[in-house]
Structure formats: structure tokens, C-alpha cells
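The structure appears below as C-alpha cells.
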Amino acid sequence: MICAYARVSTREQNEARQLDALTAAGIARRDIYLDKQSGKDFDRPQYKRLLRRLRRDDVLYIQSIDRLGRNYSDILEQWRILTKEKGVDIVVLDMPLLDTRRGKDLLGTFLADIVLQVLSFVAENERANIRQRQAEGIAAAKARGVRFGRPPRPLPDGFAEVCRRWHSGELSCAEAARRL
């Protein structure tokens, strides 16, 4: 079986670029498994379906290594499962060195494993960088006075007076709640 896996991080993102690259590589659209969710873990319905169907000597195409996942150790583990346990060949379109059909000898396997380790590390670093940039963006927006979350609800009429009387002990908590 020759098939492919594509992933976009959110439903709003467009998968067309990946699908175009995969179909240009000769993969039929019906043989492309597509998930629309984050790559932070492998709990993805189409990826799980693909794993169940893959058999020894099948060929799996992916557009780039970060489409497989973002977590360094998880990518390495999945690569090991696919190539070593299941005996699947993987072709990463944007990284010809990560084509396990070539170099089945010790040197070829060694080079593919090294490139995979480097690229997986880069993918995880990019995820950390995205989180860092997001946190910086949120902090900058807050500094500019941008409010996050729901808009505040207006206080009920007489709130300040009831609150003052409760603080002074004139009203119990239950009585203050009834008046508001």
C-alpha cells in the first residue's frame, strides 16, 4: 500500500498545499489520511486509522516531518514504530534524506536516523518558540490595555451601598445576597 498522512493544526488552516504536494507525488486523494488538529500528541483519529492499516513494506508519504508531530521524543518513537516495528518505508517530501526506501544498508539507515533526530529537535524547538511568541504577544497586548476573556458584567443597582453595609457589619452575607 502506498499512502500519505497530512495534518493541519486547526480547522481554520488550509491543507491544500500538503494535499497538492502529496498528489503531485502520485498519491491518490483517497489514500491520504488527514487530521485537523495539533501535532502535540498522536491522539488523532486519522493517524490512528492509518497506523492500523499500515503493513510491512507499505510506503508512507508525509510532506514534512513536522506534519507527523511537534514533540521530539514522540516523533522519534513514532518513526521507530513505523520503520522498525511495522517495517514501513517513510518518504518525507521536503527532505529527500528522509526517504527510507533508499539506503537500506547500515550507512543509509544511520544517516536517516541522524537527520530525523536533528529535524525532530528543530520541530520541537519551533513549538517552544511558538509558545514563547504567543506568551510575549499576550503580554504586549495586555500592556496596551487589551482585555481578554468575557466582558465584565455590570454590577447590580445598589451594589456599592449593600457592599458598604455588609463590610460594616450592618448586613449578614445572606441578607446582602438577597438584596442584590
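Just so you know, glycine gets a Cβ as well, placed from its N, Cα and C.
Copied over from TrEMBL:
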{"type": "DOMAIN", "residues": "1-145", "note": "domain 'Resolvase/invertase-type recombinase catalytic'"}
{"type": "ACT_SITE", "residues": "SER9", "note": "active site, O-(5'-phospho-DNA)-serine intermediate"}
Neighbouring C-beta atoms (10 Å sphere around the C-beta of SER9 (active site, O-(5'-phospho-DNA)-serine intermediate)): 16
Composition by DSSP (helix, strand, coil) of residues within the domain 'Resolvase/invertase-type recombinase catalytic' (1-145): 77 helix, 21 strand, 47 coil
Whole-number mean of pLDDT values that fall within the domain 'Resolvase/invertase-type recombinase catalytic' (1-145): 83
